[in-house]
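Scroll down for the structure; my scribbles are underneath it.
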């Protein structure tokens, strides 16, 4: 057992020794501030170009505390103290806050929020691609209440569109881009109640293949929802949980192939080797399903079978950028959320770091002159780190103090609730007796729950590129797709962009017409 006095002594030592020498000089901070000021002054000249391309990065569950902790982790992975590190999203010039509540929930879920930031309207928790007039699980409240997404608006404008996720492709976030469902959990017809089936509602995997048949790129997990029940998985032949789930007997991957024009090149791949062997210049449509369910955590990923998020984004962009009219790409770092729900902060933060790497990859492959990039989260988590940790303290390490009550140490990372509530012999578990640096270590929580919960605070929105300045303050979450559509002249925002197809240069005044005068009918 670690002595409380030793913990405090170590903390004092680290505080003195981890201050970089250059930071002891006031001129370092003054020069840094002046450089930042100089860059800020350049922003007075706003980028009012048309956004030919729009990329939306969605970190599921990536609240501000997660962003900060991921920043420190990224720096420490590069052998720095961490706090001074800049994430790729930190480099974006415009930042806003998004209010995440659902129409019926103070603390939201990922389905209602996805409907907000993709379809432009707030909705009830647990529903996707429908207005708040639809009640969760009630199929008969769906018809007539469907709302379309920015992915649909982009496709209708002749742009290429893509979805890349580390979850299953029919999970909450991606499904709001193409589906209309009273329940986010209706992954296949196997998960639907008989009443919903009899009333004519379709499962989300079915809708993926039928609602917008020409989505150019789809990558993520979710193979088992595409195949008839008990169909053996190509990768996990002996795993019953990986087998097909569909009761209707449909092979949705074959159906996906049948919908593609014969003169186009469509490819289905199920592993990393096949994906990276593709020549994107000869791919028109791509479907990549790399796991039966969600993809593996980045720390657990098999380099032979599972591509990283960065690799999927690179392939997607090489395909989508061939369209001279531009593209819309939704990228989800979906397993940040799963790591937090399981209380596995190390998994969650490594997922966030990988998503940031994908953001950097996309930035290197596009230009701010014609590409609007937005990075945000759907909601936060009850994840925190603190305890007066010294500079350079491992983000997964101990705080330099002990509890006032049980005199035991604690990790800097803690959860408000979740599965990390551990009691040993009637007392809080002594973390010095366990491997708290393990990939699957569950950080301690204040309240015992099987799954840790979402947080209800605002989340950050980072933006760069054309019209990024429209994301500038505290906004309702459903405002985000209106900005993306306005910037790219799609959806309801066509009238002020009549010049866009003529090749003539826009005037800033034309692009800054009040949004209030625009008709919103095409959004719904």
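Using N, Cα and C of the backbone, Cβ positions are placed for all residues, glycine too.
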Per Swiss-Prot, 173, 332 bind Mg(2+); matching candidate in 25, 60, 458: 60
Candidate sharing the Ca(2+) site with 290, 291, 306 (per Swiss-Prot), from 235, 237, 240, 354: 235
Record-annotated Zn(2+) 2 site (Swiss-Prot): member among 263, 265, 438, 454 besides 337, 341: 454
Candidate annotated in Swiss-Prot as phosphoserine, out of 17, 110, 367, 504: 110
Residues within 8 Å of the 60, 110, 378, 379 Cβ centre (excluding the Zn(2+) 1 site residues themselves): 58, 61, 100, 108, 109, 113, 114, 172, 173, 337, 377, 454
For the Zn(2+) 2 site built from 337, 341, 454, further residues of that chain with CB within 8 A of the site's CB center: 60, 61, 110, 338, 340, 379, 381, 451, 452, 453
Sequence-distant neighbours of residue 60 (Mg(2+) binding site) in its chain (C-beta under 8 A, six or more apart): 110, 167, 173, 332, 333, 334, 335, 336, 337, 377, 378
Other C-beta atoms that fall within 10 angstroms of the C-beta of residue 489 (disulfide bond): 22
Shell of the Ca(2+) site beyond 235, 290, 291, 306, same chain only (C-beta within 8 angstroms of their C-beta centre): 221, 223, 270, 271, 289, 292, 295, 296, 302, 305
